[in-house]
């Protein structure tokens, strides 16, 4: 691995298992595995991103970019890079573990959910993304699956994860690589035009839309038609799903989901909008409608997300049950670690004695089954 990345020197480790106990597979990527592990010295739980060097041939720049981005970030709503280890065949990124589960799961589990709850969530995302933008970092893949709760506490903060597609901007530069998740990418990305930080603001608008109704603003079984909708910024606030949502919330979304990136709100402008900074977000309970739509449109079997946050949640709940129950084998639904999905770790993952095979990424997630369901 070239050593051009800024930051502390990578620590050497012949066998990472001498330092950490591996507990579970949390996810797989194109050339990495994410493992739930425990520091043998401190008993602290962490997420370790294990990257096989042989899978990085020709991709060193991409990996170094991600590490460079992570090294610069210190924000309470962004998953932190704690340490880096290197062995002969692997690179290990020791990441802060977030154990509160996924955004959609928490909303569905709630008995009460309001516009104000959504506003507080979006405030945290905006504040974190503004911080990134001030550092010259564009995330480029903001979506609900990358928003995780820090802990199981009811008032837990939200955390932004997954910086695999993030990019450092040079002053005055524009980006041009088409990347991101189709339903959340800005029109200028699909149009293959040069783009900037404004793409993240568009994605936040899409997330806000979903948080208030439970379904995506753009949907079609045909990708070409889906892209056409996004390119034209054609979306609606459908009745009856939006009947109880404030005009202020809709105005906020319109400013973020603005087709013209020059007219689109920046994070700073969005943070000053009355729906975020003022008192216009309603307190009416919209849980039933939103949770029903989330369950219909974002079923777990369709997400196929690369990060198994459920495994972390179950592990944390197991710890909360206490050692006496564990000793009696009373695991129950909350006290049992998930087994690795799809029949076990991906072939060649770092929790075995070999390396990740190049290009062994998960298939892309299919679109939701319906844009809005009765």
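Glycine residues also receive a Cβ, built from the backbone N, Cα and C atoms like all the rest.
Swiss-Prot lists 141 with the feature active site, proton acceptor. Annotated ubiquitin cross-link per Swiss-Prot: 59, in sequence order, evidence recorded as similarity to another entry. The domain 'Protein kinase' annotation in Swiss-Prot covers 20-276 and rests on sequence analysis. Marked as phosphothreonine by Swiss-Prot on the basis of similarity to another entry: 177. The feature region 'Calmodulin-binding' is assigned by Swiss-Prot to 296-317, with similarity to another entry given as support. Under the heading motif 'Nuclear export signal', Swiss-Prot lists 315-321.
Cβ neighbours within 10 Å of the residue listed as 'active site, proton acceptor', excluding its own Cβ and spanning all shown chains: 20. According to its DSSP assignment, residue 141 (active site, proton acceptor) is coil.
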